[in-house]
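Quick look at what TrEMBL lists:
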type	residues	note
COILED	72-127	coiled coil
COMPBIAS	486-509	compositional bias 'Basic and acidic residues'
REGION	478-509	region 'Disordered'
REPEAT	230-263	repeat 'TPR'
REPEAT	272-305	repeat 'TPR'
REPEAT	356-389	repeat 'TPR'
Amino acid sequence: MTQMAQEEIVSNTKTVMQGLEALRVEHVTLMNNLAEGSKTDPDKMEIVKKNMENIELGLSEAQVIVMLFAHLQNIEAEKQKLRTQVKRLCQENVWLRDELAITQQKLQASEQSVAQLEEEKKHLEFMASVKKYDEIQENEDNLEKSRTDPVVELFPEDETEERNNMSPTPPNQFANHANAGYEIPARLRTLHNLVIQYASQGRYEVAVPLCKQALEDLEKTSGHDHPDVATMLNILALVYRDQNKYKEAANLLNDALTIREKTLGENHPAVAATLNNLAVLYGKRGKYKDAEPLCKRALEIRENVLGKSHPDVAKQLNNLALLCQNQAKYEEVEMYYKRALEIYEMKLGGDDPNVAKTLNNLASCYLKQGKYKEAEMLYKEVLTRAHEREFGAINGENKPIWQVAEEREENKLKNRENTPYGEYGGWHKAAKVDSPTVTTTLKNLGALYRRQGKYEAADTLEDCALRSKKEALDLVKQSKVLGVSDDNKRQKSGNSKDDNDDHNKRVHK
């Protein structure tokens, strides 16, 4: 009813406007006639002018009414549009609530599945450990059959060995590299741990979707430029790197680097971690020149933040040395390794595994340059330290394995009983040669002996290295079997929860 009244008013107003317009034309004609007359009546002229003013006023008011009606129509149209939008938003809100309820139900079901899978995983790990020894032994036998010259492993023609060593950590240590200097918030901790666990097991088909879902949720709640987003980008990049998807990993790491520089500052330890991961990735792709400045910048950040004598600085120096070694910059390589070695010995002590690893890397650098005598001295130093750590100071009766090997070489033409195997046969059992570095040193020095024609000494070291691997595998297998046996006994006897916890710790170790 109100709408019809407004339309009638506007229609009548337009009719009045037409009448007023006609009157205005007639008054204009009348004024012209009065003005042209010989005798002008002032009173008539005054009346005509007043009528003209009233006509003009009426026309103006009529135009205002018409314009006001048009404005009201526009407002009404906007109101209708807003009502439609509100209705649509209400429908979307109901839909989102339903989706949230369904997602919560799925989450509860997933948590139950995870708990069940954890139990299954423990059983599968035990079964895998039983088979592990046979599989590794078979691989080693195949490797021995395919190897025509043991020096090939020591002096590789390509850079595969260096590229593999470039990796800062194995898959089960993704978190240290993705989050160095940045604490994982509580809301991400559970999901983060799941991704790390699946990635360390090689279950990328599970780890990758989890990472992507976490990224999508984080970007919705916190925006793209947030440190938590950079953390997940780093982890997903490391997963891609393990799958040899280097291009995708590089894109993610560059994105994470930009976010961390923007949110945490260019000199934050987390920025150094991302730079190091990016440098390692370029190194794996053979882009050593591109990787070197990234590695140097990471080194500079860690020196400024942690100090020049921090162990993390030494790790960065090791990576930088490997990059330079692949570019044949041997003077720089020696400088970086020696400085890293000095830091490790000063901060962690001479018995730290990183010392032996760095000595091995420096020896590899010497081999690349043909400095075999210097490399041999370093290999002997690694083995001597391992021997002294277990058996005490060196003397005439307490000899390191390399010295025994050289004596066997000297006496190879004499009666073999002069240097029986029993003198060093137990060395691999007591010394800490389950370390991959010491085992590698045994192999490398053996290969170097073989290159020099000292075949008896080479056989001695290589046999010792092989026995050390077998011994380590036997210990692992035995501990697993004993652990399961003890577990069954505890379940039957119904021991306390604390006893079970202690047992689990022993099995884990």
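Here the Cβ of each residue, glycine as well, is placed from N, Cα and C on the backbone.
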The repeat 'TPR' (230-263): DSSP-derived helix, strand, coil residue counts: 31 helix, 0 strand, 3 coil
The repeat 'TPR' (272-305) - residue tally per DSSP class, helix then strand then coil: 31 helix, 0 strand, 3 coil
Tally of residues which DSSP labels helix, strand or coil - the repeat 'TPR' (356-389): 31 helix, 0 strand, 3 coil
